[in-house]
Amino acid sequence: WRGREGAPYSTLVPSDEVTINYRHGLPVITLMLPTRSERCQFTVKPVVTTVGAFLQDVQREDKGIERAEVFATDGSKVSDATLMEVLLMNDFKLVINNTAYSVSPPVKDKLSSEHATEMEDIKSLVHRLFVALHLEDHQIRKERELLQKLDHLKGELLPLEQMKARIMDSADAKTSRLLWVGLALMSTQGGALAWLTWWVYSWDIMEPVTYFITYGSAMAFYAYFVLTKQDYIYPHAKDRQFLHYFYRKSKKQRFDVERYNKLKDDLAEAEESLRRLRQPLHLRLPIQEINDKD
């Protein structure tokens, strides 16, 4: 028998030195501790206990054990993360220090179909009882956590909301002024063209001027489309200008837009979680319990 890297072990002990028996449905592994020279029993829970945990228990029981490993019959090492339930399905080699023990686990009697069905029914009943006894407390505890989270988020958002309101008022005022300035400029242009047409020059002279003014306006609208990839629609242009003023003012006032959006998303998520959590609570909790939390 050879271990990893082809190094031979000094002794290969027969399987009767390590025995496995089942007591109350749990495997009991009995083996001889090398330095203490006494047999020791280890009861394992195959569904939750891993090979690594079992080997650590063996080493804790006998401090003289420097090396404890498990190998398959083909010589490959069994991972420490492997569950004991999987290991006990086949023969294996238990290596303690330089001694290899050949282990042959007994075949566990399979439950009859009727007994297995009864066991599943009992497990289902126990699960339902556990849920009935503990789910309500868990929901109340979760609701309190969400309420605390909401209070914390609202506390962080309050100064940001106030700053945002001031910045939005300033951006809206600047946008409105820009719109009125545009109207004033268009009115001034119309008045100037009318004055030049009827009082200074004639229509024959002003007609080419108005044509090029119209053509220049069309070029300006086309340039807006090239730069923004949007048609020049007055509401959209107003919103774009508002956002321009808003972000410029935010940068000047050191208003963290990304942090504000993140807090708003977290607040909306917490409120949605609380709403979904309270739906079963309103059906299960006493009225005074809900009113106290509201």
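Each residue's number is its place along the chain shown, starting with 1.
In case you wondered, yes, glycine gets a Cβ from its N, Cα and C as well.
Bear in mind that TrEMBL entries carry predicted annotations, made automatically and left uncurated.
Look at TrEMBL and you will find 61-263 tagged as domain 'Calcium uniporter protein C-terminal'.
Here TrEMBL flags 178-197 (among others) as transmembrane segment. Same-chain neighbours of the transmembrane segment (178-197): 203, 206, 209-210, 213, 238, 241, counting only residues six or more beyond its ends whose CB sits under 8 Å from a CB of the stretch.
Look at TrEMBL and you will find 209-227 (among others) tagged as transmembrane segment.
Across the domain 'Calcium uniporter protein C-terminal' (61-263), the prediction's mean pLDDT works out to 80.
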